[in-house]
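Everything on this sheet refers to the single structure shown next.
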Amino acid sequence: MAVLKVKFTKDKRDKLAQVLWVLNWVSVVTGIILFSLGLFLKVEINKRRELMSDREIHSVPNMLIAMGLIACGINFLGGKICYDCVDTTKFLRWKLLMLPYIICTFFFTFCILVGALMCYTMRNELEESLFVGLRDAMRYYKDTDMPGRCFLKQTVDMLQIEFQCCGNGDFRDWFQIQWISNRYLDMSHKEVVDRFRSNVEGKYLKDGVPFSCCNLYSPRPCIQHQITNNSAHFNYDYQTEELNLWRKGCRQALLEYYTEIMQSIGLTVLIIWLFEVSVLTGVRYLQTAMENVLRQGDPDSESDGWLLENSFVETARTNFNIIKNLGKCNQIDTANNGDPNIDVPSTAHYGPDNVPPKEIPVAS
């Protein structure tokens, strides 16, 4: 029994073909949208590639770009097919191609759904990439005279000002690294020497943060050095007073920024997927209705269209048997003790010296 069978008159078939022609051109536009979304996400990621590790975070934008290009090609072809389906004679040139086209489009729409879901599952990979990238960028913050790293100080400072954040997880991350270059430290000063000696790794660590961590909206002048030393500042208590530094870590700030972008893109891709599925459903109805018209031999007659000619169970069973039979065709019949040559006639009993006897022609 056919699944979701619908009866079409000639007028309904013609209107369906015309509507699908328009929708396929709309789908070409959605393909351009997919391409643009992937390109936008790729550009946004590349803007801060210095703050991310080399992980597979470009898989989602690359997939969206590829799907956008494929969508333009597939739907352009689909528009041409639907336009020709108005005329039965023109449909004949597409008859053998329509079913493979529908199958390929079905798998393509599945890929669109996967791309939409990947937009929502990319968060963990992005967080790991940001954690490693920000950690390394902060570690090289002081290397302003080293080629390949001299730009990181400006990059980190601009990041902390723009996103109003400080450190990787929070401002205390700056306490664990030396972010002031030795070129700007007075090695003749006792306090500097003592700090170097007090650290097992020989680093100059202090409870201070770069200027870019300062909260611009704080009424008090920024306290960025000796943050944990209450006696170093008037009317100051490190434990109780709200610091005039950005409270949020930059990893969290960037993660929220990219998550908002990816969720918006994911929702858009889901809507495009639903639209592509609806267009594919219409093309399937048009294909089956036109094939039934050809079987009846009357272009003006009514015809049935459906999604599946048999039920879901029967269709699955039929396809499974086809795949199983294809596997059997590649096997050698190894019956009779597994000898593939068991049925080949033997020449051991032809005659003397195994020479076959001559055939005596039969008189007519």
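Every residue gets a Cβ built from N, Cα and C, even glycine.
TrEMBL labels come from automatic prediction, so no person has curated them.
Quick look at what TrEMBL annotates:
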{"type": "COMPBIAS", "residues": "354-364", "note": "compositional bias 'Pro residues'"}
{"type": "REGION", "residues": "337-364", "note": "region 'Disordered'"}
{"type": "TRANSMEM", "residues": "20-40", "note": "transmembrane segment"}
{"type": "TRANSMEM", "residues": "60-78", "note": "transmembrane segment"}
{"type": "TRANSMEM", "residues": "98-120", "note": "transmembrane segment"}
{"type": "TRANSMEM", "residues": "265-286", "note": "transmembrane segment"}
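Long-range contacts of the transmembrane segment (60-78) within the same chain: residues 20, 24-25, 27-28, 30-39, 41-42, 45, 101, 104-105, 108, 111-112, 114-115, 118-119, 122, 262, 265, 269, 276, 279, 283, each at least 6 residues beyond the stretch ends and with a Cβ under 8 Å from a Cβ of the stretch. Same-chain neighbours of the transmembrane segment (20-40): 60-72, 74-76, 78-79, 82-83, 85, 112, 265, 268-269, 272, 275-276, 278-279, 282-283, 286, counting only residues six or more beyond its ends whose CB sits under 8 Å from a CB of the stretch.
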